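K.L.:
Here you go, one structure.
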Amino acid sequence: MATTLAGLTTVAGELLLLAVALGCQSWRGLLGAGSAPLTLFLSYGVPGVFPESPRWLLLSERSSDMNAFSERRNSNRDVRDDESFTELDSEPAPSSKPHLSFPELFHSRNIWKNMCVLGFTSFISHGISHCYSSFRGDVRGTAPSFYWTYLLSVCAGGGAWLLLWMTVDRCGRRGILLLSMTMTGLASLILLGLMEYLSETAITIFSVLGLFSSQATASLCILFTAEVMPTIIRGSGVGAVLALGCVGRLSSPLMDLRNHYGYFLHHVVYSSLALLAVLSILLLPESKRKPLPQTLADGEQYRRPPLGRRRRDNVPLLATPNPET
């Protein structure tokens with residue numbers, strides 16, 4: 001629920017940016033209006049404004065920061081009624097506390113596999129979304145309005161967050177991610193292979209479908225990464241997946257070079273990679289209604305069951321003879 005609210009807040013900010021762009025009517029005015037909130041963002045780095053998670057402090061063996069945070073909290077509140085800080089009172093011994101070991105992280109194959117699959121999927125979903133938003137103009141030769149394309153992309157992102165809020169808790173994270181990525185690849189293949197046989201309405205429908213499914217895939221990758229990565233490296237894992245998504249989004253200006261001559265090859269490459277991403281999603285575990293992994297060992301055990309797993313029959317075929325009889 002909190003992730004959905006954060007995503008919808010991002011969508012509201014993108015709509016606000018569109019309103020500011022329409023109000024400024026100039027590029028310099030938009031730059032000035034965009035740089036004004038930087039003073040607020042600089043306050044995020046001030047110590048104490050946004051405290052660290054106590055669970056992360058425990059796992060990272062930062063006892064000094066944890067004790068200072070506990071004393072500051074006790075000075076502000078006499079009664080401890082917050083369940084999120086109960087683990088501070090039951091601090092384990094220093095020898096039994098888990099910590100981050102870089103050699104152990106280097107040999108954690110399952111964690112690296114999950115991070116690579118989610119990062120690759122995030123890269124593809126962010127990169128292919130621009131193909132759908134400008135596909136009609138690239139094919140027909142009519143450049144669509146910039147504001148209309150931006151508004152369509154933002155609305156698709158908001159609808160994707162609402163869809164995830166209604167489905168991921170019921171159908172599972174991996175199933176919805178697989179479905180959305182499959183729809184992204186199918187819409188791309190249909191637009192590329194049947195381009196000459198589709199009408200204007202069909203092209204618009206499949207473009208909106210691909211844009212919607214790619215936005216859902218990009219949003220779900222972030223949520224999935226936060227649930228699969230262990231607590232001790234969760235921030236680094238989510239940051240890596242977000243960085244790969246931004247790299248995929250940076251490849252969108254390649255379609256606008258040389259009068260849209262490279263859009264077809266760009267779209268073909270991303271469509272092929274989308275099919276590869278569909279197969280790689282099958283390697284991910286399911287995180288629905290499962291506790292979050294805390295240490296690297298928990299993350300290594302957080303894997304999907306093998307394909308073709310058979311159930312063992314615990315009932316013996318023959319009764320064990322009783323020696324007393």
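Heads up, the Cβ atoms here are built off N, Cα and C, so glycines get one too.
Pulled these from TrEMBL:
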type	residues	note
COMPBIAS	70-83	compositional bias 'Basic and acidic residues'
DOMAIN	1-289	domain 'Major facilitator superfamily (MFS) profile'
REGION	69-98	region 'Disordered'
REGION	294-325	region 'Disordered'
TRANSMEM	31-50	transmembrane segment
TRANSMEM	147-168	transmembrane segment
TRANSMEM	175-195	transmembrane segment
TRANSMEM	201-224	transmembrane segment
TRANSMEM	231-251	transmembrane segment
TRANSMEM	263-284	transmembrane segment
K.L.:
With pairs 6 or more apart in sequence, are the transmembrane segment (147-168) and the transmembrane segment (201-224) linked by at least 3 Cβ pairs under 8 Å?
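P.N.:
In this chain the transmembrane segment (147-168) contacts the transmembrane segment (201-224) - 3 or more Cβ pairs sit under 8 Å.
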K.L.:
Pop the mean pLDDT for the domain 'Major facilitator superfamily (MFS) profile' (1-289) in here, whole number is fine.
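P.N.:
Mean pLDDT across the domain 'Major facilitator superfamily (MFS) profile' (1-289) comes out at 76.
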K.L.:
Using Cβ atoms and a strict cutoff of less than 8 Å, what residues sit near the transmembrane segment (263-284) while being 6 or more residues removed from its termini?
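P.N.:
Those are 113-114, 117-118, 120-121, 124-125, 127-128, 131, 134-135, 138, 174, 177-178, 181-182, 184-185, 188-189, 191-192, 224, 228, 251, 254-255, 304, in sequence order.
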